[in-house]
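Accompanying notes for the structure given below.
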There are 4 protein chains.
Amino acid sequence: MDSQLQDYDPINGLKPSENCAVIGIYGNDTVFFKIYTSLRTLQHRGQEASGVAIFDGEKINALKVDGLVYEGFRPYIEKEIVPKGNIGIGHNRYSTAGIKNITGAGPFLISTAMGDMAISHNGEITNYQSLRDELKEQGVPFVTTNDTEVMLNLLARTIRQKGIKNGIRSSMEMLQGSYSAVLMIGEKMYAMRDPKGFRPLILGKAGNDIIISSESAAIDVLGGTIVRDVQPGEVVEIYNGDINTLFIMRSQRISHCMFEYVYFARPDSIIDGVEVYNSRYRLGVNLAKEAPVEADVVIPVPDSGRTQALSYAAELKMEYSEGLFKNRYSERTFIMPGNKERDSAVKLKLNPIKSVVQGKRIVLVDDSIVRGTTMKRIVALLRSFGAKEIHVRIASPKIVAPCYFGVDMKTRDQFIALNKSDDQISKEVGADSLAYLSIEGLVNSIGMPKKSLCLGCLTGEYPVKIAGEKEDIQTTLEL
Amino acid sequence: MDSQLQDYDPINGLKPSENCAVIGIYGNDTVFFKIYTSLRTLQHRGQEASGVAIFDGEKINALKVDGLVYEGFRPYIEKEIVPKGNIGIGHNRYSTAGIKNITGAGPFLISTAMGDMAISHNGEITNYQSLRDELKEQGVPFVTTNDTEVMLNLLARTIRQKGIKNGIRSSMEMLQGSYSAVLMIGEKMYAMRDPKGFRPLILGKAGNDIIISSESAAIDVLGGTIVRDVQPGEVVEIYNGDINTLFIMRSQRISHCMFEYVYFARPDSIIDGVEVYNSRYRLGVNLAKEAPVEADVVIPVPDSGRTQALSYAAELKMEYSEGLFKNRYSERTFIMPGNKERDSAVKLKLNPIKSVVQGKRIVLVDDSIVRGTTMKRIVALLRSFGAKEIHVRIASPKIVAPCYFGVDMKTRDQFIALNKSDDQISKEVGADSLAYLSIEGLVNSIGMPKKSLCLGCLTGEYPVKIAGEKEDIQTTLEL
Amino acid sequence: MDSQLQDYDPINGLKPSENCAVIGIYGNDTVFFKIYTSLRTLQHRGQEASGVAIFDGEKINALKVDGLVYEGFRPYIEKEIVPKGNIGIGHNRYSTAGIKNITGAGPFLISTAMGDMAISHNGEITNYQSLRDELKEQGVPFVTTNDTEVMLNLLARTIRQKGIKNGIRSSMEMLQGSYSAVLMIGEKMYAMRDPKGFRPLILGKAGNDIIISSESAAIDVLGGTIVRDVQPGEVVEIYNGDINTLFIMRSQRISHCMFEYVYFARPDSIIDGVEVYNSRYRLGVNLAKEAPVEADVVIPVPDSGRTQALSYAAELKMEYSEGLFKNRYSERTFIMPGNKERDSAVKLKLNPIKSVVQGKRIVLVDDSIVRGTTMKRIVALLRSFGAKEIHVRIASPKIVAPCYFGVDMKTRDQFIALNKSDDQISKEVGADSLAYLSIEGLVNSIGMPKKSLCLGCLTGEYPVKIAGEKEDIQTTLEL
Amino acid sequence: MDSQLQDYDPINGLKPSENCAVIGIYGNDTVFFKIYTSLRTLQHRGQEASGVAIFDGEKINALKVDGLVYEGFRPYIEKEIVPKGNIGIGHNRYSTAGIKNITGAGPFLISTAMGDMAISHNGEITNYQSLRDELKEQGVPFVTTNDTEVMLNLLARTIRQKGIKNGIRSSMEMLQGSYSAVLMIGEKMYAMRDPKGFRPLILGKAGNDIIISSESAAIDVLGGTIVRDVQPGEVVEIYNGDINTLFIMRSQRISHCMFEYVYFARPDSIIDGVEVYNSRYRLGVNLAKEAPVEADVVIPVPDSGRTQALSYAAELKMEYSEGLFKNRYSERTFIMPGNKERDSAVKLKLNPIKSVVQGKRIVLVDDSIVRGTTMKRIVALLRSFGAKEIHVRIASPKIVAPCYFGVDMKTRDQFIALNKSDDQISKEVGADSLAYLSIEGLVNSIGMPKKSLCLGCLTGEYPVKIAGEKEDIQTTLEL
């Protein structure tokens, strides 16, 4: 997947939340370092800013930092100024461009008549503007433009009116979009997942500590074991060492984000019962079945296409080779005054292995294409090193529509695949042939029923009503 | 005055506001750099964190930085990422210790049903805890423990209920303590000063720009002219280029903080009609009249005692000399591992001029004494350089009681003067004699009626009710 | 290969040079950004400090920075303060621990009666102490303890006495150890490689620019083509757009460092005619032939063992799978006060893919083992995730002796393999079996005659005389 | 004195040394913190970079940092990585503009056949280019363009040839210009002062520690006592707790820099027997005698004109008042994009006290004028605040010629006074009258014979031969 910079503006506030990482640990001793370790483990889900909020026996104290978890928290750890307490939550926010600024970073924390409340949220509340306006009408002031603040204030309001259980339910009836969140009300902790289950959320145990995490990898790194996924629509209360389902708000249709399996999550995580590595492996297998091609070698776009390329090759009994070397130190680039360094960024990042490329017919495998800019440059690069044929194979279907549930793809005009045939796209990126995996192939690879997945960005039909977009009625009817 | 470090804790939030700087500029073109320049001008009123909030035609955008104004804003100015718009406010927060953190720094900004609101506040709301609890009961969430947030939310609530004029009045009826604040409601700007007028607030014009400032020095530096002080209890509306008094909530008694004249404000500022330099000059004159002493030379503790020492000497036709050199690069110290650098901090900061000190009978003048630690070290230093006699003269009365209105002196046990005679204090600091200015001398120097000043820290009797403290009934009756 | 921290001391100066990166570009227009790009390309050869030295038409100006190339040079590039000129050299220094400090970082620059001279050096001069003493006796002052400074001063001295050609030859007769260097004498540029050819050095062209580089990858990234390797003992003059061999000082025996192929170099580089990727692929093939094992899956230690594991599996027609996920954000760790984060560093860095590991008989392939600490932890990690059997296969022979020619392995007692059988080592790391590639297998994989390689760290016999070590007579006799 | 930015270029190296600070401590226990404290005490003599070099019993280790002493050394002190040992030297380098860079900062350190040598040097070697060329001819390589490196290498060479005593003498016979230096040869320490005695150098004791310092203030702060000044032309050996004069190279004429008394040194320092404060006081007295004026108040340009203004007023029994407030936080400014902040820098720095200025006839006193830019702005500022008359009085003579001995005034065209009458200058700065102190008045104030002072920048006649400049023959003949 080619990376995209958000148009972040430290002055004008944040856009709604993107896909990010949440963690909650209901522990028996000092919890800060466990949350810190978890956030490092889930750093791939957000590099812009991080925060922790920990209950100290009386109130919740937060510490937020910008940049990577390691770098941001270092001065505080070195000076031993970190929040104390055994019960706390953490959050990583997705990367953006420009000057970093922690204003509005998660977790979000408020002090209310019921005590202190804090929330770490992953997802995107699609109706947050109207909820925010309603809450403002009711006298709630907002200090950011973030949807998480809206969610927390809505919860505070409904819980106050109806108690915790009914209050959360009531809020969930109003909240549209995706949310996998960890809520703290004083020392009580709640895992909440929207009824469609867009974003992952999993429960684990490590010793006597109870863990809520965006991905199971954090449970592994803490030395724990998976208990189970939080179910779509489920609210779990963690209190006094117990894990209790408060209620489950069932939806007609579940819609797990397929992109977690395709690109976003760590391969070692198990999400909704499916190991991400396994689904990626099957994506390659199915791509091989659907779009085989006579060639000398299969090479991945590192690192995103590696597993899929490997299984593509294995399935077709072709040679697999890592024909593009990725420079680990090339992540960051800036525009040099009067220079073209930006143009050479792909070269700085990727360089071909000559013996693998020269004179060869290549199958080039990546996980997905959004804009196609990077793919175009890679194809040109391989050609310049003597590749004889280049056959691009993408281990997911065409992306043709925006995501409203947490992935940073908001406008149609950015998509290379919009209204284009495979041949047209192949021509545009300069390949000899190009093929995508079918939607059926994707669904089969993940191994869930189609109706359990959100395929909005592939079909333009969404599992919830979005103004100006089609609703995914068919799959609903299938139920 | 000897400096004191606040016990700041980046995790557990802020203590209530201390004396700091506020600025508001209702301008006709880009206002950021004017606010920035004003904040640099008022840097002496706060070095911990700074912020600006500017109305962009639709909403208010804020930018907050930690550290000195120059250093904090530099990266944003260099990258030209600063809030745009012609109408805005600014704030400097008083210095504290430890890791800097902008959470909760001013200006405070909320988005409400009435639009965006922002406030810069100088002072200390004495009943903010109970107001906060009440507001929480009414469903207002709080994101910091700061009193400014309470004030802004109270204003938002009452304004919504009763309109701007009556709403502000209603809030002011509930707010106790000191506040000199600049409030923005969208593009409208309001200067508010508590009915006692504890903290300064002044209006100015520079071209067509209208300025509200903690001190007139900022108006000077912007090339403007003073219009007038905001009166105690007055609320001024700035809108469409006009300055209108919305109302004045009169108090039985005015209580301007005497410490602004003694120490806190810049000497070039004119506060409530009194030039600070002039009042400091008269403090020295009155000190000379009350506590003359036969000696060879009058020397100030630089920089705080300089003007008072000069006039003390002039009044008594004594020689004035700057017998202590102050190292401008010694402001910051830290404890070296296994070393005594902290102990030598006074030496690093101040060093005697031998010819002025050796064998001389010295009058050592300072503006005030809080703990006495520094004075003790200076006396010892002068002795070690051969001073024959050292007569300490303090150009203000004994500080014996806490301040509840913005000065960072919160506990009685820190005061060297508590329950001690002049002789006892003289002995404790190692001087040959020691004298303070009388309260009458102070009042006369400032040149206002006694009943117009807050003398709480000198008398232990306060112009407003403080739990556990005496009320200053006498001066009230005098009215 | 498990990483090791050098005991660097910013106060007491540097240890002799380690393996690092050199670049020289004889260009036709501004050369700074080309050198900068090359240094980023070769960042894997040194992360501690970087520098450039460019001839401005009259003199050579240097700019040195610490940390990564990107981060170090950024402020200078942003302010457009970089050395100007068309002809220049660059250097990356190998990573160390602690506070960074550019004192003594390359390139080394001196001003002499012959004009300015600068050098970038990769390698290790084994007799630099005695040469330094001799030069000191002759009146040469030294400002660092680095061997590169010795080399440059020796060159300056002999060149002055005998002219460039004979002077360089004369210096080379005195210099022992390894060196692949780029020397500038004013606008003339020289590539020098020691007669044994320990470290790589290659010539390229990009447009009319002539490039000298530690690795061919930099030539690729600059859009150029390889001309040829600098031969062992060769000195090449680059002047006026021409590449001329000044002379070749032949050695009885060539000794290319085998570690470049095993671990150090980028796989996309071609060194002395051998593509590194290819040699790594063959290492896996030969390891498979020598040490096959019945198992379910072959997994690499990422990233160092990946290519070798792939070919091991391919050779044995076994399943290859990336069973350990490497967290890209876990590179840096620090000791938390009162915490055990360091212990969990391996977990933070690597986490198993459950489906690949659980219940499986695993072949775990890495490129080499030095201390074995990391391998021990990985084996334990895999066991804790249910691996049934773990067979460690190392795609290079046992390291049992120090390197004196640039690799940071200086003491025997650090080596896990010293005086141990495979079984003993297997037991120590907790594996079910363990095998190394034979020396013959290594030599065959690289594809050069054994007598063309330095195998000192594997055999304890060195191609040059080292006090206290055996000389590698046998291979010498073979010639 | 108005400040001037050097045109520093981190790439092209340093200009010759400017006036700066040197310190040497021959101690009995850990000396780092004592040198650090001394460097902070002498920070006014150099803010660009600092360094220490300490003998550890075997060799000399250096640590150099950029920026202020406090800020630069802080990370090293916090991590306890500072040079160990009891005998060491320190150096502060004068401030420059732009990106800081420690390359070439003092102390300078070389390793030679005689052991390690280090030097801290204050002054300017006027013939360093030719000495450098000669040394290069003799095979000495240079790593910077700094004159201190030349000096140290010359010393190393002559000492080696002739022994310490004769070698230093021989070097001094070759060195022209100004130098007050502290030299270390292993554990031996030498104070060296050029035969003219341009720059200060003083000996002190603190307990059993022997101190060599640019100014006596450092001896005070270390709790020590002055022993005596190093005499012009004297070389003092400090060894084994003894202070021995090695020799004195007498000059026909001594030429102490008058600018140390006028502006550069701390007022609490005693230089060559004259307390700086006292000489400044007399400068004001003599200025009053020479150039009295009928006016209402005398005000200084803070901080540089304060003492002189005070004595000017005292002498004429006029009122003295600090009519300009100096903002302590305004030191640093930068150009805002598209803004005029630089123009308002004077305003940000200085603001008038209205009551002192308005309607008043003012005598404005400063220590000196170089370019006159700042004075012009101050006069305009005072006028804009209603000053009736402004009479500028400068407590030193006109500066009309460059300094070649350490003060950063290198070109004639920068001087406002060049070829202008007082009236012309008065008009240019906008004053009602303007007068300088006479050369005789200056000489009398310092209290030394005219022939003991360097007045080159006032007369254009220099105490040593400078190509293109007149030699000060008259004063020589006076001897």
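The backbone N, Cα and C atoms fix where each Cβ goes, and this holds for glycine too.
All annotation found in TrEMBL is predicted automatically rather than curated by experts.
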Of the candidates A:S304, A:S426, A:S433, the one that TrEMBL places in the Mg(2+) site of A:D366, A:D367: A:S304
Whole-number Å value for how far A:C454 ([4Fe-4S] cluster binding site) lies from A:D366 (Mg(2+) binding site) (Cα to Cα): 21
Cα-Cα distance linking A:C457 ([4Fe-4S] cluster binding site) and A:D367 (Mg(2+) binding site), given in Å to the nearest integer: 15
Length of the line joining the Cα atoms of A:C457 ([4Fe-4S] cluster binding site) and A:S304 (Mg(2+) binding site), in Å: 19
Pairwise CA distance, A:C403 ([4Fe-4S] cluster binding site) versus A:C20 (active site, nucleophile), rounded so that it is a whole Å: 15
Proximal but sequence-remote residues of the same chain as A:C454 ([4Fe-4S] cluster binding site) (Cβ under 8 Å, at least 6 apart): A:K196, A:F198, A:S255, A:H256, A:C257, A:M258, A:F405, A:Y462, A:P463
Fewest other C-beta atoms within 10 angstroms, as judged across A:C20, A:C403, A:C457, which are the recorded positions: A:C403
A:C403 ([4Fe-4S] cluster binding site) in three-state DSSP notation: coil
For A:C457 ([4Fe-4S] cluster binding site): DSSP state (helix, strand, coil): helix
Alpha-carbon spacing, A:C20 (active site, nucleophile) to A:S304 (Mg(2+) binding site), which is rounded to whole Å: 18
[4Fe-4S] cluster site, defined by A:C257, A:C403, A:C454, A:C457: further same-chain residues with Cβ within 8 Å of the Cβ centre: A:F198, A:M258, A:F259, A:Y404, A:F405, A:G406, A:V407, A:L455, A:G456
Assigned conformation of A:C20 (active site, nucleophile) - DSSP reduced to three states: coil
Fewest other C-beta atoms within 10 angstroms, as judged across A:C257, A:S304, A:D366, which are the binding-site residues: A:S304
